[in-house]
Amino acid sequence: MLDIKWIRANPDKLDESLSKRGIDSVSKSIIHIDSEKRTLISLIQKLQHERKEKSSSVAHIYDKSSTDFEEIQNDVKLINQKITELETSLLHHEKRLSEIMDNLPNLVADDVPYGTNSDMNKVLKECGTIQNIKFPKHHYEIGKNLGMMDFNTATKMSGSRFVILKHDLAKLERALINFMIDVHTTEFNFFEVSPPCLVKDHAMYNVGQLPKFADASFETTTGYRLIPTAEVPLTNIFANTTLLEEKLPIRLVAFTPCFRSEVGSAGKDVKGMLRMHQFGKVELFTIATPKESNREFEYLTAAAEKILEKLGLPYRVVLLCSGDIGFAAHKTYDLEVWLPAQNCYREISSCSHFSSFQARRSLSKYRELCSKKVNFLHTINGSGLAVGRTIIAILENYQNSDGSVTIPEKLRNYMGGQKLITPLTETVF
């Protein structure tokens, strides 16, 4: 959510930011509705004061049958009617303003490049060495040949975009989760938590998922939503709180299953594990003061990069352009991993700086150490990493011509010293 006071003072800057995203200007509408709303509030307050004075004067009239008493009563009645009319109009204006404000995206950072789509994103760096693999197989071919990636059985019980991982691939998934969290907690000082995977609508609103992306999540019949990312519960830990500046920044890491309806993804990545309704993800989250937030954004991104470095996976860092950046994001880096079978980079992590956008929705504040002033915090989050896509990257980048897959060295201790994943000779199902 944006600050209405800032919009009043900077309407042109708002429209400029919206224009970079390809959105029509709305500052005139906002300022007009806001002005009418403030006028209504002023009129209501004036009438309430007048009513109070008249009601007080009634107490000094001892003859309740007098003309003066009757006139004042009639005046108070008319004032009440007028207040009711104005309050109805005020509610209408507040609703109109709220609808516009709730659908306003975050301001784009000054260093975010202009662009209309992902083709105009800016590659900042490429890391790692791309191996020359002759006739590389797709991850789903490798998984099937190993006998450890079962889409058919999953589809029978759950429909499309689900998978069952078996034996060493299930073990690899567990190893990756533990490895990622160990790196983030021991090397980058993130604090591990295990949050709920079901939340109420207000928690989704606080991070910017609602109302705009209501159809992107799964909703239960009892008023819950399955989280699309651990960003939702982690951000809401600090909702309606005021933290002390000396306690900041706070860095959290969590592994959760994530659930997405993938509305609008028909025909995209229909084969394999790239786009699933359910997937595991290790999420990084930081809450910080505005003066620390840019540094913390770079720090969080570096933590996500470190996983790719340790696993020996080629990747690149991409700065998203104004037309590709997320609704709530101020600035975003995508980490894209190399997939040999697709002969291209694919997103494996998205790290975003949200400035005060989410904090204003969730009322997350801090008290300055010296001045004791209370201000809104800044939030930052990113994948560290998406576990399923990391499995994909390992299968494709570490595939061998005999059908086996080499386990990255950093994961071997997490897999009992195992060095290779070889095809199953028999399976229980």
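Yeah, the Cβs are placed from backbone N, Cα and C, and that goes for glycine too.
Among the candidates GLU173, GLU283, GLU292, the residue that Swiss-Prot annotates alongside THR229, ALA230, GLU231, SER383 as binding L-serine is GLU283. In this structure, of the binding-site residues GLU231, GLU262, GLU283, the smallest number of CB atoms within 10 A of the CB marks GLU262. Among ARG260, SER261, GLU262, GLU347, ILE348, SER349, SER350, the residues given in the record as binding ATP, the maximal Cα to Cα distance rounds to 19 Å.
When the binding-site residues THR229, GLU283, SER383 are compared by Cα distance to SER349 (ATP binding site), the shortest distance belongs to SER383.
Using a 10 Å Cβ-Cβ cutoff, SER350 (ATP binding site) registers 21 neighbours.
A Cα-Cα distance of 10 Å separates SER350 (ATP binding site) from GLU283 (L-serine binding site). Apart from the site residues THR229, ALA230, GLU231, GLU283, SER383, the chain places the Cβ of VAL232, LEU234, ALA254, THR256, CYS258, LYS281, LEU284, PHE285, ASN381, GLY382 no farther than 8 Å from the centroid of the site's Cβ atoms, the recorded L-serine location.
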